Amino acid sequence: MSLLKMEYNLYAELKKMTCGQPISLFNEDGDFVEVEPGSSFKFLIPKGFYASTSVKTSLVFETLTTTDNKITSINPTNAPKLYPLQRKVVSEVVSNMRKMIELKRPLYITLHLACGFGKTITTCYLMATHGRKTVICVPNKMLIHQWKTQVEAVGLEHKISIDGVSSLLKELKTQSPDVLIVVSRHLTNDAFCKYINKHYDLFILDESHTYNLMNNTAVTRFLAYYPLMMCYFLTATPRPANRIYCNSIINIAKLSDLKKTIYAVDSFFEPYSTDNIRHMVKRLDSPSNKYHIYTEKLLSVDEPRNQLILDTLVEEFKSGTINRILVITKLREHMVLFYKRLLDIFGPEVVFIGDAQNRRTPDMVKSIKDLNRFIFVSTLFYSGTGLDIPSLDSLFICSAVINNMQIEQLLGRVCRETELLDRTVYVFPSTSIKEIKYVIGNFVQRIISLSVDKLGFKQESYRKHQESEPASVPTSSREERVLNRIFNSQNR
């Protein structure tokens, strides 16, 4: 733990790392405040900041020789088998750590690896290689199962705690498992933080992008006051500002054989309105719509658009073009609407809901992994990151207002490597509510652009229904389709 004055060079380095964003740190009084250049306060500079050799320092950090927190249950024959790219990551990590040890730098590394890379199994291999007692911290209970499976495969003694940290502390008085798998809210307990700081050497922060370490959170405080000897941040979409806490990054590109297609399903709608819609439209320009809350609420009650989404999904699913579908909404009521309507069509053997308010949802997710055909309806908050259903082959994005990090994480749900190579994403840029027409079109175009430019998707026009119609279509219908295409091209 290093308390330093905020000199110009230090401030400039921190500012560059956060891409010019405001910097907040703990000061010498323990207050979490925004850092100003030339401040008279001393600030607690996170240990992980010094992991990069580009940061000059005279500080000397402890090495692993000063602790004896070694794994007792390790069996080298249980080490997981890795793909060549995963082995390359391990090689890079080991090489970097040797340099860090030689230079007496903190052993803190961010593994910036694409969705579907296999971060969990790769990290378990590293964990077994290091042979040090480990704490795995996840943002929610949904991620527990995939870690449990891999840790058990390696044969490591472990303990899972997702509820009360007090009961866990009582158990730790009599036993100290080699691996602790916990949810991040456990870090609000100072006694628990002190315990793992003393008895564990490796801290793994899964889905590190879900934490904004420029906020005064439990994870921020833990990394500042109780840092372990070693640390991995795992993410496919790193937050720039989080580098202050883990300032060494390994990023290896992943080549994929997946055939990834994104369809923009357009339609021309007559203007649609209700009393509720007119009431919400009045709030579009108010401060309460700063984060487009009412924009998304309007989408959730846009009946013609909702029907288009349902019609598209039903037709594609019935045709066998897609088989394992994830339907994502922003709002819970929107999720429930789609769930109920799909349930009426396909029944409970096919349609499932990923509801954060249902404690049994994680068990349900496990149960559908091996199904050949299913439709899983959930929210962006619950299933947009970390959802572990590798067999998903298609994604329906029913919302529009999504930031770039969320887009990349969400599309990653259907980019896991399996024997089946086709992956399909459907987005819906049209709306029948004229007041949000251009806003929705722009947001959906951003989803398309990121998927194509960064994630290797190919955009294709969704006109299968029109093209499959008989040639002897009435002239009026053909004219309507032509006008529809012209309208939507102008809209985009």
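Quick reminder: no glycine exception, Cβ is built from N, Cα and C everywhere.
According to Swiss-Prot:
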- Leu113, Ala114, Cys115, Gly116, Phe117, Gly118, Lys119, Thr120: ATP binding site (BINDING)
- 100-256: domain 'Helicase ATP-binding' (DOMAIN)
- 206-209: motif 'DESH box' (MOTIF)
Task: Reported mean pLDDT - the domain 'Helicase ATP-binding' (100-256) - done: 92
Task: Three-state composition of the motif 'DESH box' (206-209), taking helix and strand from DSSP - done: 2 helix, 0 strand, 2 coil
Open item on the list: What is the set of residues, excluding Leu113, Ala114, Cys115, Gly116, Phe117, Gly118, Lys119, Thr120, whose C-beta falls within 8 angstroms of the centroid of the C-beta atoms at the ATP site?
Closed with: Thr122, Ala236, Lys254
Task: Set of same-chain residues at least 6 away whose C-beta sits under 8 angstroms from Cys115 (ATP binding site) - done: Ala236, Glu408, Gln409, Leu411, Gly412, Arg413, Cys415, Arg416
- [ ] Could you tell me which of these binding-site residues, Leu113, Ala114, Gly116, Phe117, has the greatest number of Cβ atoms within 10 Å of its own Cβ?
- [x] Phe117
